[in-house]
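Please read the structure below before turning to the comments.
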């Protein structure tokens, strides 16, 4: 992409010359992207499937639509006429975005094709493994319980079953024997983001650790697109859902180079500008590709404490064609604050106690409804070393107690 394809100047919000960005998906990650865009003078339109989403609370305008409805999505884009459309979730009518981009009616970040390929696990897995030749775990796809049984038999045990479309680990199961298949099928059906009934079976990799490699495609001073890598982020997942992350994750030099090579190969193919969260499994100097999100990643929330520019600032600047700085300033960690109970109105106790833990900060997302395992906030901690940061982040997160609050 050259300079003619980027935004050459930034207008003034809420005027006729405003530079307008529409976010499709307005959760906690979208909220931080919106804040970063607004600091750069961008007029932001936030869209989500439910009212009062975190990003709705800080945007210039907010809409509630079914984003998988192509007609409704196209109508809203045509109404607002944004300079950029920025998908922040997978469950979007990506075929509509492809049509509109091909017709020259909209610019999608990073590209409509990237949004389409990464909307489910099948598109990106086939691209990485079958087209690009990137190392992945062995896999099969299944549309029925019968096909799932055959897929598990082919892959062997242990294996992992996931819906082809889900988020935050929902619907994932680890299977140790054929006795686990039916429960895994039901779990996937309940946890899928869209009711396709299709799952992926993956061979279980006995990795040492897993990382997110935040990879940024941005315009350089020469007008060409350059790839930048943040320091690797380690993370702990429980049932496929992130509970802690830290930066940097120590890596064998050979493994780090392989991680860079894989991330660049995949993101070069996806194209466009912006930040990508590339998930990888690592065992000594061996690296396997897992997934990629063409947007900020939940494990990357640690960068709000660890980097000169957070992943949200990097994404905002990159998509606008502005310079980026991926430098890390300190080791840091994040720990999730869960809802702990079900309810529509939530209050938080212990925030002051959490902030008394050395080097900590807190982000409460403002979600209007709580579930026991819903991510309602995150504790951040910076320290001289990763272990201290992790301990402090966990300690701070544990001090915050979501409680039911009557209207």
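Each residue, glycine too, has its Cβ placed from N, Cα and C.
Keep in mind the model is a prediction, meaning the values are calculated, not measured.
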Original post:
Of the candidates 154, 179, 285, 298, which does Swiss-Prot annotate as part of the N(1)-(5-phospho-beta-D-ribosyl)glycinamide site that also includes 28, 29, 88, 367, 374, 375?
Top reply: 298
**OP:** Just give me the nearest neighbour of residue 367 (N(1)-(5-phospho-beta-D-ribosyl)glycinamide binding site) among the binding-site residues 171, 202, 210, 291, Cα to Cα.
**Re:** 171
Subject >> Cβ neighbours within the same chain of residue 291 (Mg(2+) binding site) - under 8 Å, at least six residues apart >> reply: 121, 124, 278, 279
Original post:
residue 375 (N(1)-(5-phospho-beta-D-ribosyl)glycinamide binding site): which of the binding-site residues 171, 202, 204, 210 is the nearest Cα neighbour?
Top reply: 171
**OP:** Translate the DSSP assignment of residue 291 (Mg(2+) binding site) into the three-state scheme.
**Re:** strand
Subject >> Model confidence over the domain 'ATP-grasp' (126-320), averaged pLDDT >> reply: 94
**OP:** Quick one: give me the count of other CB atoms within 10 A of the CB of residue 204 (ATP binding site).
**Re:** 16
